Amino acid sequence: MIPLLEKAVTEQKHWLNREEIIDVLAVSQIVPGSVAVNAATFIGYKLAGTSGALSATLGIITPTFLIVVLLAALFLGYQQNPIIQAAFLGIRPAVVALILFAAFKMGKSAILDKTTTVLAVASLIIFWLVPVNPLVILLLGGATGILIKRNAKKQESKSF
């Protein structure tokens with residue numbers, strides 16, 4: 001869902017640029033709920049205020065809800081079918097590939113230099129090794145970014 005949303009918003013509609021969509025996705029992960037729904041709500045609000053947020057939220061929830069209900073009904077009836085089981089053997093890695101593709105694509109505009117590379121790798125290592133809520137990693141990343149920017153400004157003012 002996120003790769004589709006990102007492509008539609010940045011490449012097809014040109015509502016946001018890559019940096020803005022990364023910011024929207026970061027905030028969308030911090031607040032409770034589905035990242036895609038949160039992102040759509042934020043984007044809708046940015047484009048058309050409260051009515052835009054409501055329209056975007058309904059627009060992203062309604063088709064998904066209907067599809068899930070339909071698939072659940074079908075899946076429960078056919079889940080033991082060997083063809084369905086075989087299909088899921090191919091669907092699972094395809095989903096992983098979609099997520100990786102979106103991550104690499106967004107990484108191009110989020111990981112810009114040595115500092116952001118170190119932050120990304122450190123975040124990945126912490127997430128991998130420490131059983132911590134992703135919100136903690138996002139907040140630590142934000143705080144680190146603020147400290148780095150503040151330190152850079154101090155260094156810049158000293159050089160003049």
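Note that Cβ sites are derived from N, Cα and C of the backbone, with glycine treated the same way.
Sequence annotations record features per position, and here TrEMBL assigns transmembrane segment to 21-45 (among others).
Taken from TrEMBL, the feature transmembrane segment applies to 51-76 (among others).
Annotation comment: TrEMBL describes 83-104 (among others) as transmembrane segment.
Note on the transmembrane segment (124-148): residues 26, 29-30, 115 of its chain, located 6 or more positions outside it, place their CB under 8 angstroms from a CB of the stretch. Feature annotation from TrEMBL assigns transmembrane segment to 124-148 (among others).
Within its own chain, the transmembrane segment (21-45) has Cβ neighbours under 8 Å at 1-2, 5-6, 9-10, 15, 52-57, 59-61, 106, 109-110, 134-135, 138-139, counting only residues six or more beyond its boundaries.
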